[in-house]
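Feature list (source: TrEMBL):
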type	residues	note
ACT_SITE	137	active site, nucleophile
ACT_SITE	141	active site, proton donor
DOMAIN	57-251	domain 'GH16'
CARBOHYD	145	N-linked glycosylation site
TRANSMEM	42-64	transmembrane segment
């Protein structure tokens, strides 16, 4: 039995009307969540989606219109009339793209299907970033693994050039079988990471404690597929098997919601920004993910911070 199938068997399902987990299989297949095995579960997920989707001003565009292929020669491709994008990695080079626009606050959604099979040593990065030595950055990084072993989803937040805020997760599905949606909600009050509209991480503004928060630098959206076999898989013990190349990841259904390159957009958007907090169901989902799928949290790493945990971890 693979580690991924063991994870599927051991993970408890979580009902919206009952905050206590009950042991059901999470997977109807490697690509379907058993959350939706009851009408109530599906209804709760729909309600949570509505709460997080109330920001207005959505735009769904074409990859031709919204992004530039920035490196990797022909390893980065846009096809299907601009509705599908792929990045590939071989022994010579990886590839990447970036958004044409810069954004300040809002929500971005992208559907990804990750590198299948033996993806050890590969990293698929999808993130927001500004430029320069004091840049801000909000990261999704997907660390490849051997066939049958789960991907690790690595998240991080940089403010004024400083990161070291890593949280890592296993996913509750096989991210190589189908497309799944990975989202970032970025507001002056907090940053929320979501997978298929389920929150996995919330980073709150703690400027009152002296913790910098990314709020002044507009960012572009970036993605890249590259080799990091010196650290990505089991700390670099497992290297990339180049006989399996090219490695390819796919992207579709990019959506930007209420993103603006103007700082004034916050005052203009008024109550809509204040209303989009996690509801009770979303908070339960967040606790569920962090209890059963989080595998590293910098806020618990006393060995790394012997002089004391960062201030935001103590609030």
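In case you wondered, yes, glycine gets a Cβ from its N, Cα and C as well.
Remember, TrEMBL labels are computer predictions, not curated facts.
Location within the structure of each feature annotated in TrEMBL.
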residue	record	contacts (Cβ under 8 Å, 6+ apart)
137	active site, nucleophile	127, 128, 129, 130, 156, 157, 158, 163, 214, 219
141	active site, proton donor	123, 124, 125, 126, 127, 153, 154, 155, 156
145	N-linked glycosylation site	119, 120, 151, 152, 233, 238
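Look at residue 145 (N-linked glycosylation site): DSSP puts it in coil. As a whole-number mean, the pLDDT of the domain 'GH16' (57-251) in this prediction is 94.
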